[in-house]
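As given in Swiss-Prot:
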| type | residues | note |
| --- | --- | --- |
| BINDING | 305-316, 384-386, Ala676, Ser886 | ATP binding site |
| BINDING | Asp677, Glu716, Asn720, Asp884 | Mg(2+) binding site |
| DOMAIN | 1042-1295 | domain 'Glutamine amidotransferase type-1' |
| ACT_SITE | Cys1135 | active site, nucleophile |
| ACT_SITE | His1260 | active site |
| ACT_SITE | Glu1262 | active site |
Amino acid sequence: MEIYRGAPALSAFKTTKQLEQLKQAGIPVKELYAEYQHFVDLHNELSDEHRSVLVQLLKYGPEMPAHEPQGALVLVTPRIGTISPWASKATDIAHNCGLKSIHRVERGVAFYLQGDLSAEELKQAALLLHDRMTESVLYDMNDAQQLFRSQEPQPLSSVDILAGGREALAQANISLGLALADDEIDYLVENFRKLDRNPNDIELYMFAQANSEHCRHKIFNADWTIDGAEQPKSLFKMIKNTFETTPDYVLSAYKDNAAVMEGHEAGRFYPQPDSMSYGYSHEPVHILMKVETHNHPTAISPYPGAATGSGGEIRDEGATGVGSKPKAGLVGFSVSNLNIPGFKQPWEENYGKPARIVSALDIMLEGPLGGAAFNNEFGRPALTGYFRTYEQTVDSHNGRETRGYHKPIMIAGGLGNIREAHVQKGDIPVGAKLVVLGGPAMNIGLGGGAASSMASGESTEDLDFASVQRENPEMERRCQEVIDRCWQLGADNPIAFIHDVGAGGLSNAMPELVSDGGRGGRFELREIPNDEPGMTPLEIWCNESQERYVIAIAPENLARFEALCERERAEYAVIGEATEELTILLNDAKFSNQPIDLSLDVLLGKPPKMHRDVARLQTEGTPLHLEAADLNDAADRLLRLPAIAEKTFLITIGDRSVTGLVARDQMVGPWQIPVADVAVTASSYDSYHGEAMAMGERTPLALLNFGASARMAVAESLTNIAAADIGDLKRIKLSANWMCAAGHPGEDAGLYEAVKAVGEELCPELGITIPVGKDSMSMKTQWQQDGEDKAVTAPMSLVITAFGRVNDIRSTLTPQLRTDKGQSHLVLIDLGKGQNRLGGSALAQVYQQLGQHTPDLDDTETFKAFFNTTQQLVTEGRLLAYHDRSDGGLFTTVAEMAFAGNCGAKVALDELGEDNLATLFNEELGAVIQVSDEQYQKVMDAYKTAGLGDCVKRIGEPTHEDAIVFTRDEQNVLAQSRTHWRTVWAETTHHMQRLRDNPVCADEEFRLKQRADNPGLLADLTFDPSEDIAAPYIAKGVAPKVAILREQGVNSHYEMAAAFDRAGFEAVDVHMSDILAGRVSLEDMQALAACGGFSYGDVLGAGEGWAKSILFNDRAREQFEAFFKRNDTLALGVCNGCQMLSTLKQLIPGTEHWPRFVTNRSERFEARFSLVEVQESKSIFLGDMAGSRMPIAVSHGEGRAEFANPQQQSQLEQNSQVALRYIDNWGEVAEQYPANPNGSPKGITAVTSDDGRVTAMMPHPERVFRTVANSWHPDEWGEDSPWMRMFRNARKHLG
């Protein structure tokens, strides 16, 4: 083993934060320093030349002053016995650079602690400095040798039930954490006695996973008796009733990893399999939808818990039918009170928590980063979500009890697209090869399915921790590229059957795969790729290593599939074959035995059906006592309640532009305010058709009325999606995610009532189907504190996600009030018809009350009339703005609309009810619309004709003032400056950003939000974007070839190809593996586009690993050097491609003054819609655009331009090689965050070579080349946005 020191691992502000944390724990640390250490395991000695290459590979990241470490060493390494995802990618890069002597490169962090620390204090410090799930701690650098020790495979064990009987299995149930019910223990004992043998631990574990509540949904399939009366249907049958009543437009329901609904016809854009040139295939683009929960892992370890939640849901989408494509995601969280230090709110009580779970604050600081990071690296935009906090001690039928989300809800969902011929899974032929596609087995996530099925507190802490998985999104991207290549083959798709690997690992996925395909399976344990050789057979077969799929492939199609995997560098292994006999046979060549020999009948047979015998209990509630509440105080409290407060800290961490198909993200208007009701994507780059998704949940209402809570969740998802042009209500399909503390008095019957309200009544009446969903039935946390039994129980929680196809994505409305459209009116559609009920409201919550009567959907016909009329008005373009009424009531709705429009509003309450509190803050169903003077009468007539005359009231108008005013009898009852409420609304996000990110950046952004004079984004062009300057050249007929270049982990190649294709290029898909293998030569290309993403997962520096695999590989270096030296070529590098080109500058003439691009100043991934100004430069791409100012998509974590010295920067500027700069909304060069999202000096964000042929930029023009893909744009822009000009300039140059 050789050891190489790396750069400092913590920036100044992160060092300060870490020091504070240690001091708060009472550990006397005076100084702290951390740096990376690289451990290199060698097959044989490195030559001097190879050692030099290795040293250059291990020099990456921002320049930081060198430091001589002092103090006690705490060395944090990847967990001993594992191979980290970082190591596998870094080792790949080393091998691609010709360093074949290297067996493995691992990385650790050496913390040096100065202070008078005892051995015990050092151990306490180590606990805070590492994550025990994925890391180990060493105290001597040489002990890192343990990382490379190979471990001996462990043997099988069995449970002796032949001698020990039922008691032996009952003991194993506890020690293995199987969560088996009593009747399941009886079932197993009976079946193994029939077989006259003892079960192996692996067989019991496999049975427990396959039959866990998590996988089998026993409660949803149970028989029910309520108050002594037998119920006619199971919960699942009531959900299925929605499909039986309205099967319209559903292509697949209840039987696959996701549901499928009918989409529009459009051109699917992808590289054609025969030529690898991109093109359009016009066909129906059907929509798949899925929403998952990952609650238990997120409570234990939020970052990996939420990351693998998103990763698992993405795999569900990709494994639908015989392969499909995930497209856009959503994330949601429900947690207990945040109790932010220094920002504790008057309604927040701190009830305490068990040590084994993290606090709500830590979940919200870490969990969203995990979910966002997975989506970002995979390349899926996260476009909507929700965030609720609830923790309150209430009077209920059980006496005083605390209700809340100590066991959080972590929602991960999304939509994708699938070909019509691929919706149904095929047959598995006998002899089909059974393949694992994806990463290796690792000893993680054991028992995830069973652990998720227990109330928190029933299992041991070690088992809880073992049940969390860890993520490697770049691996999942590689697998998805293979699946994409398969479905793009159309009728030649080699996939016969596919499932993702989730709960229970292969022990669940492989039996499910073969049994669904009507077959059994014979497997070889030692063929499973395995990064931890010391695992037992149980651990190899049952671990929940992520990023894996199981696939059945006919033998004659295997070679083609293997070639696709090799091109994408996606790991795969053939581990078995399908058999006629319906058994699972697992052989272990190492120990010459068979750990599993079970019929599918026993494994998936008919364990006893559950029966629930429960009683109805519903809290009556008491009237709210708010006589002393001041309206201004109530407004401020509500704006600080996380469910209502600004959520920028949850949004800008997530890429919202990747794919180039995003038509509506969360950020609205020129001021980029996060208030959108709905997420919208385009079907393709050649279409205005699309897809929409929106969420709804009103969980606190369930404490007073289970049915109302469920109806309101459905209704809210519909009032949200109504902002998009859906048309027919029957076109909308719902995912229902049910969470409940099963067994808690009253909750089971309440769940039944809620499912019945939605499945048997509301959805059939609306003509809406619920073809997909998920349940999580163990939402209670129990522990002991100072000898006292404590518990926090979640309300029965239904989270609904509505999906629909969109007729015209240009018609989507936002909450932004328009003050540039002449005289206009604000109109409230009040579906509560003046009842103004406040039970379970946000207002009640912020005063620590519950109330009595909740809002409800009382009249289905009225609701349908509202939806249909609003849709008609959306389609006809008669409305200027739309925002539904939800948490915080009318006050919040109007305030958010004014924030989005950066304007004022004047609202009269006279016709809305007599009680100001109830009128302002009730959360009855409804919406506020803005209507121009000329459309006003037509709009009012449309609602009246629909029978909604008594619901529709003109309430006021937007104003140009910095004031939001609510009046009664023309007297102000509640009034403040918009800036005041905008600032209060931003406080929660500001405090969270300060805790999590660079506090200096958080403060700069907060100050910007307090400015009343912010003019917002602008567009000021020096050219006509509607002019197609490439048209004369396209007419000549011969298209120049552009290599759309990608490396493993790149995810922005489709949109790059689409932009070049539109400009008249022949866009060719080129993987780095094609160049290294000699399949493709850059000699044949006139242009090259290095695309964005996370090549090698940004290991060894963003874009640096990719560049170095070119610099230190003879064939690749030769190809690129020759390409850049030709004077008839052009090259563009965007984001990751920009980082890559800047590291390749020794091969690119005229780039010696280019900077490197390193970690953002905020030290956070930044997804923004930022203003830039095109500079006078030599760039051929930006040639005639100089002086133009316009917004552009930004999505990166390492975009800060770092120059070797000030002279380098001034030389670049003097040579006119700076091509783009960030500017602020006042048109000045941006130095402050977030107008300058990464901290680059003088806003520099694009550079060009001396001759202008090579341009590298961090922002993403290829994602916004269509006007509809811009988060905001001036009304007058046509189909092409101004950024399309770049690509046409390139086409014109090449002639």
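Just so you know, glycine gets a Cβ as well, placed from its N, Cα and C.
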Report the nearest neighbour of Thr384 (ATP binding site) in space among the binding-site residues Asp677, Glu716, Asp884, comparing Cα positions.
Asp677
Could you find out if DSSP has Asp884 (Mg(2+) binding site) as helix, strand or coil?
strand
With neighbours defined as other CB atoms within 10 A, the best-packed of the recorded positions Glu716, Asp884, Glu1262 is Glu1262
For a quick check of understanding: among the binding-site residues Thr308, Thr384, Asn720, which residue's Cβ has the most other Cβ atoms within 10 Å?
Thr308
Roughly how many Å lie between the Cα atoms of Glu1262 (active site) and the residue listed as 'active site, nucleophile', rounded to a whole value?
11
Where Asn720 (Mg(2+) binding site) and Gly305 (ATP binding site) are concerned, what is their Cα separation in Å, rounded?
28
Coarse DSSP state, helix versus strand versus coil, of His1260 (active site):
strand
Using a 10 angstroms cut-off on Cβ to Cβ distances, just flag whichever of Ile314, Ala676, Cys1135 is the loneliest among these recorded positions.
Ala676
Given the recorded Mg(2+) site (Asp677, Glu716, Asn720, Asp884), which additional residues of the same chain have their Cβ within 8 Å of the Cβ centre, ordered by sequence?
Val678, Ala694, Gly696, Ser717, Leu718, Thr719, Ile721, Ala722, Ala723, His883, Ser886, Ala927
Cβ neighbours of Gly305 (ATP binding site) where a neighbour is any other Cβ within 10 Å:
29
Given the model, what does the mean pLDDT over the domain 'Glutamine amidotransferase type-1' (1042-1295) come out as?
98
Round to the nearest Å and give the CA-to-CA distance linking Gly311 (ATP binding site) with the residue listed as 'active site, nucleophile'.
23
Counting all other Cβ atoms within 10 Å across every protein chain shown, which of the binding-site residues Gly311, Asp677 scores highest?
Gly311
Cβ atoms near His1260 (active site) (within 10 Å, other residues, all chains):
26
Looking at the binding-site residues Ile314, Ala676, Glu716, Asp884, which has the shortest Cα distance to the residue listed as 'active site, nucleophile'?
Ile314
